[in-house]
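Novice: There's a structure below that I have some questions on.
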Amino acid sequence: MTQKKKKRVNRSLLLAKKIIIKDGGTPQGFGSPSVYHAVIVIFLEFFAWGLLTAPTLGALHETFPKHTFLMNGLVQGVKGLLSFLSAPLIGALSDVWGRKSFLLLTVFFTCAPIPLLKISPWWYFAVISVSGVFAVTFSVIFAYVADITQEHERIMAYGMVSATFAASLVISPAIGAYLSQVYGDSLVVVLASAIAMLDICFILVAVPESLPEKMRPASWGAPISWEQADPFASLRKVGQDSTVLLICITVFLSYLPEAGQYSSFFLYLQQIMGFSPESVAAFIAVLGLLSIVAQTVVLSLLMRSIGNKNTILLGLGFQILQLAWYGFGSEPWMMWAAGAVAAMSSITFPAVSALISRTADPDQQGVGQGMITGIRGLCNGLGPALYGFIFYIFHVELDQPSLKTHAIIPGPPFLFGACSVLLALLVALFIPEHPHMGARAGSWKKHTSPHGHPHSPHPPGEAKEPLLQDTNV
């Protein structure tokens, strides 16, 4: 009964949002809020960064000729830690003040370092680190999508967003590598900056607000709970619910090696495995195409046939296989084969996001996705630094490309990652397929603040997700 009651409330709130939007409750924008608006924002942002793949790898090696992997890990690590600290705050604020302004903020500051690549590489890497404060576009995008979709539609919507991220990297690295070789890096930087500006203009002019003012908690007179914006307070809340605790541990253990891999893998392919810039671009393109298929067609089929939990388990299994293959692989063809497996492992994150969205109240989607993004941000800080340190202690340096033919384990960090994901798989086995919301509501009452706001939009008897709802919002 509780599940049916929650679904009726969700449908009622979604219908109310659509009525308010239709009646003019939404600021300027083209049409009604849709998944396509979110898709375009993500595509343009990461297409701009994809163009810079080859120039960034070159600048990284030139700027830090010694211990390149270690310095790369530190740069990406600082960015990730700042993202972890800011993601819950931005998610909570977007629940109150709307999504559009925070989309504009995150995209602007995420793309701000791009022009500095040619002006000053040192400043470029420094600003990349600092930009982590606002590099949480996915948090706001997933909350935007949750505002305008019903629960049964979200897995496809999240799959579209994740697939768009992959699609943006299908051709952009190849285009960037070609333009860099023929016309130089300056043209690539100018083009990437122009696309970033186009993304900002698109948000300003075309993206409508998905969370009308009448539907925001602030319009009911509720104050913002700054405790909810504290990432460490959010992590402490995780332990109050066993299901969400298991989900968060799974995300941490699986994304920690993925973040480290993403920060160093293309550099590893080019400098250690002997890939040319064109081969690296082709590798990214093939991986992106396969990821699109995996996150749309395959993900949808798996969710319908084996369910949310088993889809996550299958994705983790593919991730273990591809990381182990990267770790022991010493030939280029092995990298290509493992890349195909890596594309299948990309189904994990949209499946986890869908599971989280099912447990969050409609007006708390920003907080919920912000918390997961915060954990991923923590991994974005620890993962690259950890991978860089492992490369360093195993003496994998850019001036030792012959190491790949002599070492028993050519890629030690990737093997460590496989072990981490194996632990994530074991934890995920205990996640229930269908969380019982009503049963958890009772345990949450023990932890709620006595200062709950009297104007809560939920009926007193309605069960709420203990982690993702806030008594003051």
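Glycine is treated like the rest: Cβ placed from N, Cα and C.
I grabbed these lines from TrEMBL:
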- 34-435: domain 'Major facilitator superfamily (MFS) profile' (DOMAIN)
- 35-54: transmembrane segment (TRANSMEM)
- 74-94: transmembrane segment (TRANSMEM)
- 101-117: transmembrane segment (TRANSMEM)
- 123-145: transmembrane segment (TRANSMEM)
- 157-180: transmembrane segment (TRANSMEM)
- 186-207: transmembrane segment (TRANSMEM)
- 244-268: transmembrane segment (TRANSMEM)
- 280-303: transmembrane segment (TRANSMEM)
- 310-328: transmembrane segment (TRANSMEM)
- 334-356: transmembrane segment (TRANSMEM)
- 377-394: transmembrane segment (TRANSMEM)
- 414-431: transmembrane segment (TRANSMEM)
- 440-473: region 'Disordered' (REGION)
- 443-456: compositional bias 'Basic residues' (COMPBIAS)
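I'd like these features described in context: how deep, what's nearby, how far apart.
Specialist: For the domain 'Major facilitator superfamily (MFS) profile' (34-435), the model's pLDDT averages out at 80.
Residues of the same chain lying 6 or more positions beyond the ends of the transmembrane segment (35-54) and with a Cβ under 8 Å from any Cβ of it are 29, 103, 107, 110-111, 114, 117, 137-138, 141, 144-145, 148-149, 157, 160-161, 164-165, 167-169, 172-173, 175-177, 179-180, 188-189, 191-193, 195-196, 198-199, 202-203, 206-208, 266, 277, 280-281, 284.
Sequence-distant contacts of the transmembrane segment (123-145) (same chain, at least 6 residues past either end, Cβ-Cβ under 8 Å): 33, 35, 37-38, 41-42, 45, 59-60, 63, 75-76, 78-83, 85-87, 90-91, 94-95, 99, 102-103, 105-110, 112-113, 116-117, 154, 157-158, 161, 210, 353, 357, 365-366, 368-370, 372-374, 377, 380-381.
A Cβ distance under 8 Å defines the sequence-distant neighbours of the transmembrane segment (186-207), meaning residues of its chain 6+ beyond its ends; these are 28-30, 33, 37, 40-41, 44-45, 47-49, 51-52, 54-55, 100, 103-104, 107-108, 111, 114-115, 117-118, 176, 179-180.
When Cβ-Cβ distances below 8 Å are used as the criterion, the transmembrane segment (334-356) is approached by residues 142, 154-155, 158-159, 161-162, 166, 244, 247, 250-251, 254-255, 269, 273, 275, 283, 286-287, 290-291, 293-295, 298-299, 302-303, 308-309, 311-312, 314-316, 318-319, 321-322, 325-326, 328, 368-369, 372, 431, 468 of the same chain, each at least six residues removed from its ends.
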Novice: So if I exclude everything within five residues of the ends of the transmembrane segment (280-303), which remaining residues of that chain have a CB under 8 angstroms from its CBs? That is, six or more out.
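Specialist: Counting only partners 6 or more residues beyond its ends, the transmembrane segment (280-303) has Cβ contacts under 8 Å with 50, 53-54, 57, 155-156, 159-160, 162-163, 166-171, 173-174, 176-178, 266, 269-270, 310-311, 314, 335-336, 339-340, 342-344, 346-347, 350-351, 354.
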Novice: Under a Cβ pair cut-off of under 8 Å, which of the recorded stretches 101-117, 157-180, 244-268, 377-394 contacts the transmembrane segment (74-94) most often?
Specialist: 377-394
Novice: Six or more residues beyond either end and a Cβ under 8 Å away: which residues meet both conditions relative to the transmembrane segment (157-180)?
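Specialist: For the transmembrane segment (157-180), the sequence-distant neighbours (Cβ-Cβ under 8 Å, at least 6 residues beyond its ends) are 35, 38-39, 42-55, 138, 141-142, 145, 149, 187-188, 191-192, 277-278, 280-282, 284-285, 287-289, 291-292, 295-296, 299-300, 343, 346-347, 349-350, 353-354, 357.
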Novice: What residues in the same chain, six or more past the boundaries of the transmembrane segment (310-328), come closer than 8 Å to it by Cβ-Cβ distance?
Specialist: 250, 254, 257-258, 261, 265, 299, 302-303, 334-335, 337-339, 341-342, 344-348, 351-352, 355, 409-418, 421-422, 424-425, 428-429, 431, 433
Novice: Using a Cβ cut-off of under 8 Å, list the residues of the same chain at least 6 residues beyond the transmembrane segment (244-268) that approach it.
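Specialist: Same-chain contacts beyond the ends: 53, 57, 60-61, 68-69, 72-73, 76, 80, 235, 238, 280, 284, 312, 316, 319, 323, 326, 348-349, 352, 355-356, 359, 371-372, 375-376, 378-380, 382-384, 386-388, 391, 411, 413-414, 416-418, 420-421, 423-424, 427-428, 430-431, 465-468.
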